[in-house]
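Chemist: Sharing a structure, written as C-alpha cells. Questions coming.
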Amino acid sequence: METFYWLLFGGLAAVVAALELSKTGRDRSVTSAAFNSFKNNYLLVYSLMMAGDWLQGPYVYYLYTTYGYDKGDIGRLFIAGFGSSMLFGTIVGSLADKQGRKRASVTYCISYILSCITKHSPQYKVLMLGRILGGIATSLLFSAFESWLVAEHNKRGFEPRWLSITFSKAIFFGNGLVAIVSGLFANLLTDNLGFGPVAPFDAAACFLAIGMAVILSTWTENYGDPSESKDLLTQFKVAASAISSDEKIALLGAIQSLFEGSMYTFVFLWTPALSPNDEDIPHGFIFATFMLSSMLGSSTASRLLARAVPKVESYMQLVFSIAAFTLLLPVITNSLIAPSTVKGGGISFGGCIQLFGFCTFEACVGIFWPSIMKMRSQYIPEEARSTIMNFFRIPLNIFVCVVLYNVSAFPMTVMFGMCSVFLFLAAILQRRLMTVAEIHRSKSQDWSSLKERDDEAEPLNI
C-alpha cells in the first residue's frame, strides 16, 4: 500500500486524538449522573444499530455480483431500496408518531434482520424483497431513534443543551468508530476467515438482535400525538401544514435534502473518481479513512455545539460552502491536470488531490449530522416529528433514484458539478434560515418583554 494512504490516515488519527484529548472545560458540559446513564444507554443502542447497517455496506454490491447479476440488475435493486424508503418511509414515520417510537425502533430491527436473511437467496425476487425491507428500515433508522431520543430527553427534564452532547457522541461512535471497526470486521469475516460475502449480513443480524433486546428491556415508550381521533391521513396533513406554514421547517427540509442527496451521490462516485483508469486503490482502507474524517468532523461539532457562539445556523453556512468546494475538485483537477492514459498502476497526482478533498467532505459530513439533529430538535414540532423527518426524505430519495437511473448518462464531472451547486444552494438556504430564526427569536423576546411590563404594571385606581 502506498505511503500516501498511511500518511493521510495517520495524520487524521493524530488530529482526532489531539482534539479529543485537548478538550477543556469550555468544550464540555457539566451533566448529571442520570443523564450520563441515559446517554450511554442510547449510545449503546445506536452503535449496535449502526453496526448492523455498516457491516452490510461494503459487500452489498459484491454479493449481488457473485450471484451473477450485472450492473443494470444491481442498479434496479438499489433503486428499489431508495424507492421503498420514499414510498413507505412517510407511512412508517407517521405510525411511529402515533403507535410509539420504541415500537418503531423494534420494527427497524425486525425489518433489517429479515432483509439480511434474504441475502442467502440468489433469487432476484427474494433479493428485491430484501431491498424493499431495507428501504423501510432505513427510514426508521433516520427518524424513529432520533424522535425517541428527543422526546425522552425532554420528558425526563434534562437540560436542552445536553441533547447536543448525545448527538455528537452518537455520530462520533456510530458513524465513525463503529463504521471503521465494522468495515474491518466484515473484511475479516469475508476474506481472512473465508466465510464468504454473506457472512457480514449474518453478523449484522446478530448485532441488530442484541440491540433489539436492549431496547425491549431498557426503553420506555413515547409518542408524538397518540390521539385516537388522528388517523394516518390526518397525521400527513398536520406534517404538511407544519412544513408549509413555518418557513424554518421548510428551509431545514430543503437543506437536508440537498446535502444528503449530494452525499449519497458521492458514495456512488468516489470509486470511479479515484480510479478512472482502473488504478489499484485500497477501497477498504480508503473507506476507513473517510470514516476517520467523519470522526474528526463530529469531534469538531461537539466543541462547536457546546458553546453559545457561534450558533449552529451560523457555522453551517461555512461547512456547506467548504463541502461544495471539495466536490468541485474533480472538475478542477480534470480540467487542469492531464488525465493518465495508463491502465492500472497506483493512484495519480490528481487522485491524491481529490482524495484529500473527499476526506475534507467527509469531515463536513461529520459536522453535518449532529448539527442538523440539533436544528431539527429546535424547529420540528414534537407531535409529528417522525412524520416530518420522513417527509424530508421524499425529495432526497427521488433525487437519488434519478441519479442511479442516469448514472451512466452523464460524465462524472457533470455529476460532481451538480452536487457542488446543490451544496452552495444549501449554504444560501442556511443563511436564510439563520435570518428567519433571528427574526423569530427577536419577536419572541419583544413579546416576552412586553408581557412582563404588562404584568408588572399597577392597576389604575379610578
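Don't overthink the numbers, they just go from 1 along the chain as shown.
Every residue, even glycine, has its Cβ placed from backbone N, Cα and C.
The transmembrane segment annotation in TrEMBL covers 6-22, 43-62, 74-96, 129-150, 170-189, 201-219, 285-306, 318-338, 344-369, 390-408, 414-433.
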Chemist: Can you tell me which parts of the same chain pack against the transmembrane segment (43-62), counting only residues 6+ beyond its ends and a CB-CB cutoff under 8 A?
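Modeler: Same-chain contacts beyond the ends: 74, 105, 108-109, 112, 116, 141, 145, 166, 169-170, 173-175, 178-179, 181-183, 185-187, 190, 197, 200-201, 203-205, 207-208, 210-211, 214-215, 219, 283-284, 287.
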Chemist: Tell me, please, if the transmembrane segment (390-408) and the transmembrane segment (74-96) are in contact, taking contact as 3+ Cβ pairs under 8 Å between residues separated by 6 or more positions?
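Modeler: Contact between the transmembrane segment (390-408) and the transmembrane segment (74-96): present.
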Chemist: Other than its close neighbours in sequence, what residues sit by the transmembrane segment (170-189), given a CB gap under 8 Å and a spacing of at least six beyond its ends?
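Modeler: Non-local partners: 42-43, 46-47, 49-51, 54-55, 57-59, 195, 199-200, 203, 284, 287-288, 291-292, 294-295, 298-299, 301-302, 366, 369-370.
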Chemist: Cβ under 8 Å, sequence separation of at least 6 from the ends of the transmembrane segment (74-96): give me the contacting residues as numbers and ranges.
Modeler: 61, 64-65, 103-104, 107, 127-128, 131-136, 138-140, 143-144, 147, 224, 232, 235-236, 239, 384, 386-391, 393-394, 397-398, 400-401, 404-405, 407
Chemist: Examine the transmembrane segment (318-338) against the transmembrane segment (414-433) and state whether at least 3 Cβ pairs sit under 8 A, considering only residue pairs 6 or more apart.
Modeler: yes
